[in-house]
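Here is what Swiss-Prot says about this protein:
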ACT_SITE  D72  active site, proton acceptor
BINDING   D72, G73, N146, D147, R157, R174, D176, T187, A188, Y189, S190, L191, S192, Q247  NAD(+) binding site
Amino acid sequence: MDQFRNIGIVGRMGSVKVVESLRQLKQYLTANNYHVIIEEDTSTMIPGHGLQVASKKLLGEICDLVIVVGGDGSLLGAARELAKSKIPILGVNRGRLGFLTDISPSDLEERLARVLEGDYIEESRFLLDGHVERNGQPLGYGSALNDVVLHPGKSTRMIGFDLFIDGHFVYSQRSDGLIVATPTGSTAYSLSAGGPIMHPKLDAVVLVPMFPHTLSSRPIVVDGKSEIKLVIGETNETYPQVSFDGQMNIACAPGDIIRITKKPFKIRLIHPTDHNFYATCRDKLGWASEIAAS
C-alpha cells in the first residue's frame, strides 16, 4: 500500500457543509503531522488556513493522495485534471447520491484514519476522450469519466446523425442525441435514459439513444477499445453540442465529426475496505426497497 504523507484537498465551491468538512479535514491532518496542500480555489473557502496552496495540476505533481470534498460532480472535475498524474483520489460525500464519493462526513475521521494506515482498496476507472472536427480540422477536445453526450443544446429540434463503430456504419438516426457512457457513467445520465448498469471493472462503453424517432433503437454495449464516430447530418437545422460529464460543452455544426475513444490512462480511486459496488447500488438506487403502506 502507498504511504501517504503529502495530501491535497479539493472542495466544491459555495457549500457551507463542504466548508465544515474542509475545516475538519485540515484540523485532523495537520494534527497528525501530514503535509496538507489545498487547491487554490478551495483555499478561498477557509480564510486563514495557513496551508500551502497549489493548482490542481500542481497537486497531481506533489501529492501522494488527493481528497475531494463534495458530490460526484466535484470528483468528476478533479479526476479529469488529475488522471494523467495517476495520483489516487478519495471522495468525501457532501453531495446527493455519492456513487464515487463514498466516505460519509459523520464518520470522516475514523474512516480516513484507516485509509491513511493503509487499510483501503483501490480500483481504476477509465475515461473517454472526445475530439470534434470541422472541415478536416480540429475544433475542440474534452475528456470525461462519466459520459460524452451529443445533445441539442437549447433547441428542441431533433438531431440527425450517422453512427460508426471502428469504421463500420451502424445507423443513421434522428433523436435528441446520444449518450456515450463508461461503466462509471452507467449509473448516471445513461441510467436515466434507459441504459444498463455496468460493473466498473468492465472494459466496455454503452451507447444510449435519447428519444429516438424509431421503435427499434436500443442501447448498444461495445468494446471499450472501440472508436466511436458521430457525423452530424449536413441538413440539420439545429446546431447541437457535445458535453463532457455535463461540465464542458463544444458547440457543433452540420457536417462536424465527433470521435470518441478510451483515454490511454486511468484514474485511481481509493475506497474503505467495506466498499462494495452492489451494496452501493442497493443503497443509492433503492434496490429491494418496499413501498410503504399509507
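Just so you know, glycine gets a Cβ as well, placed from its N, Cα and C.
Cβ-based neighbour count (10 Å, all protein chains) for S190 (NAD(+) binding site) stands at 27.
Taking the Cβ of A188 (NAD(+) binding site) as reference, residues of its chain lying under 8 Å away and at least six apart in sequence are, in sequence order, D72, F99, N146, D147, A181. When each of the recorded positions D72, D176 is scored by how many other Cβ atoms sit within 10 Å of its Cβ, D176 comes out lowest.
Considering only the binding-site residues N146, S192, the Cβ with the fewest other Cβ atoms within 10 Å is that of S192. Binding of NAD(+) is attributed in the record to D72, G73, N146, D147, R157, R174, D176, T187, A188, Y189, S190, L191, S192, Q247, and the widest Cα separation among these residues amounts to 31 Å.
Listed in sequence order, the residues of the same chain lying 6 or more apart from R157 (NAD(+) binding site) and placing their CB within less than 8 Å of its CB are E237, T238.
D72 (active site, proton acceptor) carries a helical DSSP state (H, G or I).
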